[in-house]
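Per TrEMBL, these features apply:
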COMPBIAS  344-355  compositional bias 'Basic and acidic residues'
REGION    344-363  region 'Disordered'
REGION    372-392  region 'Disordered'
TRANSMEM  31-49  transmembrane segment
TRANSMEM  61-80  transmembrane segment
TRANSMEM  92-109  transmembrane segment
TRANSMEM  121-148  transmembrane segment
TRANSMEM  160-187  transmembrane segment
Amino acid sequence: MSAEVVRPTARSGVGGALATAMERAGLAPRLARGILVAVMTCIGIVAVIKVVETRLSVLQTVLCLVYLAAVVALQLRYFAWQDEGAGPSRRATLIALAVQGLLAYLPLLQFGRAWVGMPGLFAGSVLLALPAVPAWSLFAVVVVSIAVVQFDMSGSWDDVLYTGISTVLTGLVVYGLCKLATLVGMLSRARAEFARLAIEAERDRVARDLHDILGYQLSAIALKTELAQRLIDARPERARTELDESLGISRDALSEVRGLARGITALSLSNEIRSTHSTLAAAGIDLEVTQDGDLGSVPDDVRTALAVVLREAVTNLLRHSAASSCSLRLTYGPGPVELVMDNDRTDARGPDGEPGRVGGLGNLRQRMADVGGSFEAGPRDDGTFRLRASVP
């Protein structure tokens, strides 16, 4: 009984790679939010410069800065990443939009040209908070209205054109950056979820491999040591042989577990057949083996899958039946590659005492599905138990 160890592939390092991916999962959203906050801060600084240039009174300047802080706070709180699932309610968002609209227009009556940049933030919020048709319609209304206000204040078409373009650009930049931050957050969460699922799948694979490797070998070791204990007085040489074989099995198990830690362990089907002979003979079970075709023509992954099926079948035979005879038929083509194992005096109750639940059979179905094959097992009308694995 031996194992052919396949060297690690990219998959074998998936745990470390996915752990790194999960560590980095929060970096992109934080960066996107940081950029958004930086842009909002720059817009606020530009507005502050305009306020200073307008030479308002100290009270007006302070009041203007308070209004400005409120506009930016509303922008970041209610519109920056509202699609992340844990954001404010729809009603709260619409109320915030109305308040931001008032803060965008009413201070124009007091601060004049120092405040003409604020409707651009409101225009971006409109695109973020409303459905497409009303959003773009109201966006156009905001641009036109601030252009009209600018013309009323300065009478210069250059100022009107500049204000209109500035409002459009500010609104689109705010909309684009907020959407970008939201999408980056969604992508980051999706990547983290993918990493979590992949790690769980890898853990399941390792658990399945450990079960496939150790389940049979521990059963064989227990069987042979029990037999050696019974024979130690009457037939010490036979007992020594059984103990030597148990030692060999334990060493093989250790080697295979080490191989599993380094990569993927591929079992040898021919070695498993020989091991089945030895193990069932020690258990007093007659085994008849029939092989048709050329084993060398069978792909490596299919041979490994069939070896796992055979190993688990023998484990279940020893644990969950009182069989006295067993037949094993292997067909290697042409046509389907098939393994059929029949035994008598079966107990159809699984390890949990529930009918039809034989330990490890779920693993075998997955093993065969991985190589495009099928698997079935269960009691027959004549009281025997049949296990069949086939690959087209």
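Cβ from N, Cα, C; glycine included.
Keep in mind that TrEMBL annotations are predicted by a computer and have not been checked by a curator.
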Same-chain Cβ contacts of the transmembrane segment (31-49) under 8 Å, 6 or more residues past its ends?
65, 68-69, 72, 75-76, 80-81, 114-115, 117-118, 120-121, 170, 173-174, 177-178, 180-181, 184-185
Based on DSSP, tally up the residues of the region 'Disordered' (372-392) by helix, strand and coil.
0 helix, 13 strand, 8 coil
Near the transmembrane segment (61-80), which same-chain residues lie under 8 Å Cβ to Cβ, leaving out any that are not at least 6 residues past its ends?
33, 36-37, 40-41, 43-44, 47-48, 51-52, 87-88, 92-93, 96-97, 99-100, 103-104, 107, 110-111, 114-115, 118, 121-122, 124-125, 128-129, 174, 178, 181
